[in-house]
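According to TrEMBL, the domain 'Cation efflux protein transmembrane' annotation covers 25-215. What TrEMBL records for 25-52, 58-76, 88-111, 127-147, 159-180, 186-205 is transmembrane segment. What TrEMBL records for 220-299 is domain 'Cation efflux protein cytoplasmic'.
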Amino acid sequence: MTRTLSKPGSNNHDIDSAGATRRRLIWALAANFAFFVVEVTGGLLSGSLALLADAGHMLTDVAALGIAIAASHLAARPPDPKRTFGLVRAEVVGAFINGGSLVVIVLFIIWESWKRLGAPVQIDGPLMAVIAALGLLTNLASTLILLGRRNDNLNIRAAFLHMLGDTFGSVGAITAGVVIWTTGWIHIDIIVSLLIGGIILWGSVKLLRETIKIIINATPEDVDYEEVKQALLAIEHFAGLHDLHIWSLATGYPVLSAHIRLEPGCSDSAHWQECLWNAKVMLKKRFGITHTTLQLEPESFESEELHSKVYYRPDQP
């Protein structure tokens, strides 16, 4: 009898859940894009750099939501002979582009702030405060739209945190507008702009760091390489292993491959299958790794493909 490990998205419940999540993302994207247009217009009319900075942040959120929606569509496409893993890494490429654009926006904000230190621009405080208040409502609505699905996967959680961060950005813009309205101190606009820029820069560096780690096939941060190695060596009849590799194809999609040395005397094919099954079940339940490639080898096996030292169980000679 053939036994299979279930994969995420392999049943109707998962498909319906993904569809519901995608619809929420589309609603959040529509709300954010509509307000992005309003905020850019308001920033240009009021002369507020804080509003333009927040609009830049809003645009990156629109891009992030668009990437999440596109990735959910592309990731569902089946593999083919030219793309044997399908298009699961489309989100990584998009995230890298998005992270780069974030850095460009921050540099623009810093440049504009530097120019305005020497030549302050008259700002319409009341208009700035009103538009920022509308932005706060939009961000709160988007946050609530994604609230119920924030734990579905890492992409949705990141989008949710983006919306939450924008909510604080809108509060900053409202504060700047009220201060200018009541005191006329326009330099608060520059201070708030730099604070928003700092938030964007922090998020963009974190995003780029995560995407680069996936692109270079680094071990996922939530997987302990040494712990996985010891867990495999603890399986009965596994004498040693070599060429253990753990990486991510995309966010939340860890992959593992390894060569396993079996104990002397383990030559029955049915026994090999049982050992292989035990390893795959352990990797799924304990580490959440469902895509595994394990090559079982006799203890005396010699291969030219040996690219790392062989790790043996402590009780092995």
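Placement of Cβ uses the backbone N, Cα and C atoms for every residue, glycine included.
Remember, TrEMBL labels are computer predictions, not curated facts.
These numbers come from a predicted model, not from an experiment.
The average pLDDT computed over the domain 'Cation efflux protein cytoplasmic' (220-299) stands at 88. When each of 25-52, 88-111, 127-147, 186-205 is checked for Cβ pairs under 8 Å to the transmembrane segment (159-180), 127-147 comes out on top. For the transmembrane segment (127-147), the residues of the chain that approach it from at least six positions outside its boundaries are 24-25, 27-28, 31-32, 34-35, 38-39, 42-43, 45-46, 48, 50-51, 54, 58, 156, 159-160, 163-164, 166-167, 169-171, 173-174, 176-178, 180-181, 189, judged by C-beta separation under 8 angstroms. Residues in the domain 'Cation efflux protein cytoplasmic' (220-299) partition by DSSP class (helix H, G, I; strand E, B; coil) as 28 helix, 30 strand, 22 coil.
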